[in-house]
Each structure stands twice: as structure tokens, then as C-alpha cells.
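Lifted from TrEMBL, the feature list:
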type     : residues : note
TRANSMEM : 12-33    : transmembrane segment
TRANSMEM : 45-64    : transmembrane segment
TRANSMEM : 70-93    : transmembrane segment
TRANSMEM : 100-125  : transmembrane segment
TRANSMEM : 131-152  : transmembrane segment
TRANSMEM : 164-186  : transmembrane segment
TRANSMEM : 192-213  : transmembrane segment
């Protein structure tokens, strides 16, 4: 019979893979940002929230807080590097005010995690209490991370467009949260299961919104393209008329 440890390790490996998939899922979005040299209406909040979440769970998985959590350490450290790259692109291609906001949020995240780590190391002296304190904080931050797209979801409802809510990110979030929820059940880990359970529900809500507003989004994009083509034709006709007038004179 397969032991619980073997099952937990297997599910943890799946969780690692799904976490990397989640971290890489916004690549098409950031490739578009890099090409256009603009973040347009994309929100930096989900990515900064993911940075602080990765840092907090990385702290939770360290040996002096919660021993034997190598799978958590590997997935959080890998995801952290990727998410910091995304935030860097926001710093490069945002206008001045948004760039300052992103920088403040990033620095505040680093300071918060640093202070938590310092206090836990110096004031708490058992693994159980360290795990409890950091686990509660990491769970709270994790719920904030999965709730961060709520502002984008609000914009989707208002505009009836999912253009700025990438489907790949929503699908990857759903798969990742399901994997880590399953991981937290073997054995039961309340600190991991609460934020990931909430993430499953919020990801389902995003997928439902995508299904509801996909067709209206396509109609809006098509209308915008027709408008651009019409404007281009007007410019061509105007330029052509000017050339004809110049030749006649």
C-alpha cells in the first residue's frame, strides 16, 4: 500500500509544476507589454501581491520555521524570481505615477516580510509557534493574492470585456490551487488549505466571468478594428486628395 508520505510528495511535485505553470502563464501578456512598451490597463496589484505571497510562504518553508518543506521552498523561490521579473517590466513600462506606486508596494512587501522574519527568529523559539505565526500571516497574504484580481473582475463586469483578464492566468490559478489544496489534505494543513481553497473559488468566479463576457469582448475588439480601418481609409483618402490637388496646381 502506498504511504501517505509518498502520496503527499507526489501531490507536492504536481503542486510545484502547477505553481511554475501559474507563474509562467502571464508570459503572453508581458510579451505584449514589452512589444508595445506600455502596460496599458493591466493592473500590477496581482503580481506584487504574488511577490509578497511567495516571500511569506518561502519564509514558512524554511527549516527554522517549518522543517521538511523542501517542495514549498523550491516552488516559492522559483515563482518569486519569475514574479519579480514581471514587476520589473511594470516598473519599466508604466507611466511615472503608476511606476512610483509599484515601487512603493514592492518595497513595502520586502520590509513587511523582513520584519516578520526578524521578529519570528528573535522572539519565538519553537518550530510549532513559528509555523503557526508565519502560517497564519502567509495564509492571510495568500487570500489577499487570490483576491487581488477582484479589481480586474469589477472592470470586466463594468466594461463587459475580458481583454485585461488573461484566461491562461485564471486557468493556471485554478489548477494550482486545486493541487495545493489536495497537498494540504495529506496530512491536514490548515494554513495551506485556507488560502488555496479560497483561490479555487475565486478562480472559478473568474472563469465564469470569462465565459459570460467572451463573446461581447470579441464584438468590442471587432468594432474597434473596423473603426481603426475606417480611420485609416479616411487618412489615405485625405492624403490622396491633397496630392491630387497639388498636382493640379
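Cβ coordinates are placed from backbone N, Cα and C, and glycine is handled just like the others.
Curation does not apply to TrEMBL; its annotations are automatic.
Given the structure is predicted, the values throughout are model-derived calculations rather than measurements.
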Interface check, the transmembrane segment (45-64) with the transmembrane segment (192-213), three or more C-beta pairs under 8 A: no
Chain residues in Cβ proximity to the transmembrane segment (192-213) (below 8 Å; excluding those fewer than six residues from its ends, i.e. six or more beyond): 135, 138-143, 145-147, 149-150, 153, 156-157, 160-162, 165, 167, 170-171, 173-174, 176-178, 180-181, 183-185
